[in-house]
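Remarks on the structure that follows.
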Amino acid sequence: MSRLVVVSNRIAPPDNKGGAGGLAVGVLGALKAAGGLWFGWSGETGNEDEPLKKVTKGNITWASFNLSEQDYEDYYCQFSNAVLWPAFHYRLDLVQFQRPAWEGYMRVNALLADKLLPLIKENDIIWVHDYHLLPFASELRKRGVNNRIGFFLHIPFPTPEIFNALPPHDELLEQLCDFDLLGFQTENDRLAFLDSLSSQTRVTTRSGKQHIAWGKDFQTEVYPIGIEPDEIALQAAGPLPPKLAQLKAELKNVKNIFSVERLDYSKGLPERFLAYEALLENYPQHRGKIRYTQIAPTSRGEVQAYQDIRHQLETEAGRINGKYGQLGWTPLYYLNQHFDRKLLMKIFRYSDVGLVTPLRDGMNLVAKEFVAAQDPANPGVLVLSQFAGAANELTSALIVNPYDRDDVAAALNRALTMPLAERISRHAEMLDVIVKNDINRWQERFIHDLKEVTPRSPERQQQNNVATFPKLA
């Protein structure tokens, strides 16, 4: 049986007691089934030459490494998060391309390949995750690795007009073709990648999703990531902490609109605040009878764009509360702090509306978690952006354009007044999809397809080691 090697920018520590979600749950499920290695950055800066830190529990080994301060700045802060993240979320105006950062990004991917190489066994299959590691298969191929290597992109893939604006777009595209299997959240993302590829070179497609570009064979497929619906339902249904129980009792006659995500410009938070203001303005009958709570803990707080959005939200929340607030009623609660994930599941369950309106999102698991946390006999309503990957699956949500505040306001009004029978029907339809496409099915489908790939021959690999594009000067 093939061993599984998972490679990601960060690894979840084996002693992590906090409720893991998303990538960690799926990866651990796959590793437990096959046995293997999880390899990635420790999250710490220090001496890169130190030996790997290894921990083994059962049939899984965790191997982590430190990054130097310079590599952390170039690879992680300046290229991954100041170039790729904004570009892949359609925000070219926020891209800050610097050649030293690009060189650092490539340098760290090469360093990771050097560190992983001695750990790879002949029949291992390798599963690489996300935008931090786009060149990683290429670096392994240069070192003679012919194993099956798959890649899953958790964030959107932009259209050619966006992607080709990146100075190293040609190199990145060719490097991606060194993976055997490329997985995307949605069909739109998969097609955007192929469109970008076709704009740079000839692409031969066989059987729909098998391709050849630059003489390299690879496959593309869609794997929408899921959640653990049963676990979330269990967390949501447990007893309420005393403070939350008291708050629920105090607000028994108030309908609650709830949102939670990390503070990020891709999430559409300023637009969401303005849509809530439009609800209060266009549907004044709700004033004094609803409350919107937005939880948005700070992330990447050292980046100017994130500081700017935090200040903007603080200003907008104060302005809206000052304009519409009444004695005894505050219309908007904005909390810039972290909450325990299990507590959030309970808050989801007692919210009448889940408001999830990113401007662009690969999937958005919060939308799925909100549905899974509901009481099937009295569920809340999900208002969901058409630009979230989850909108392709959760078609029974109220789908909105987050750029149209009046559209979002109308959907909120509809959600707040929706009859119980319709709420139950919509929730049941969405929950059925979530259960069928849970996190375990996601990883099982990907691993199955990767195992079916024919390994690359050393002869073909030797041909592929010659890069078509020169490196950026």
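Along the chain as shown, residues are numbered 1 onward.
Backbone N, Cα and C define each Cβ position, glycine as well.
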To which of TYR76, TYR223, TYR350 does Swiss-Prot also attribute binding of D-glucose 6-phosphate at the site defined by ARG10, ASP130, ARG300?
TYR76
With Cβ-Cβ distance below 8 Å and at least 6 positions apart along the chain, what are the contacts of LYS368 (UDP-alpha-D-glucose binding site)? List them in sequence order.
GLY226, ILE227, PRO229, ALA390, LEU394, ILE434
If you count Cβ atoms within 10 Å of each one, which of the recorded positions ILE155, VAL366 comes out on top?
VAL366
Number of other Cβ atoms within 10 Å of the Cβ of ARG300 (D-glucose 6-phosphate binding site) across all protein chains
16
Compile a sequence-ordered list of residues in the same chain as ASP130 (D-glucose 6-phosphate binding site), six or more apart from it, whose Cβ lies below 8 A from its Cβ; state 'none' when nothing qualifies.
SER8, ASN9, PHE152, LEU153, HIS154, ILE155
Taking only same-chain residues 6+ apart in sequence, whose CB is under 8 Å from that of TRP85 (site 'Involved in alpha anomer selectivity'), what do you get?
TYR131, ILE155, SER266
Counting other C-beta atoms within 10 angstroms, the emptiest spot among the binding-site residues TYR76, PHE339 is PHE339
The binding-site residues listed are ARG10, TYR76, ARG300; by CA-CA distance, the one closest to ARG262 (UDP-alpha-D-glucose binding site) is ARG300
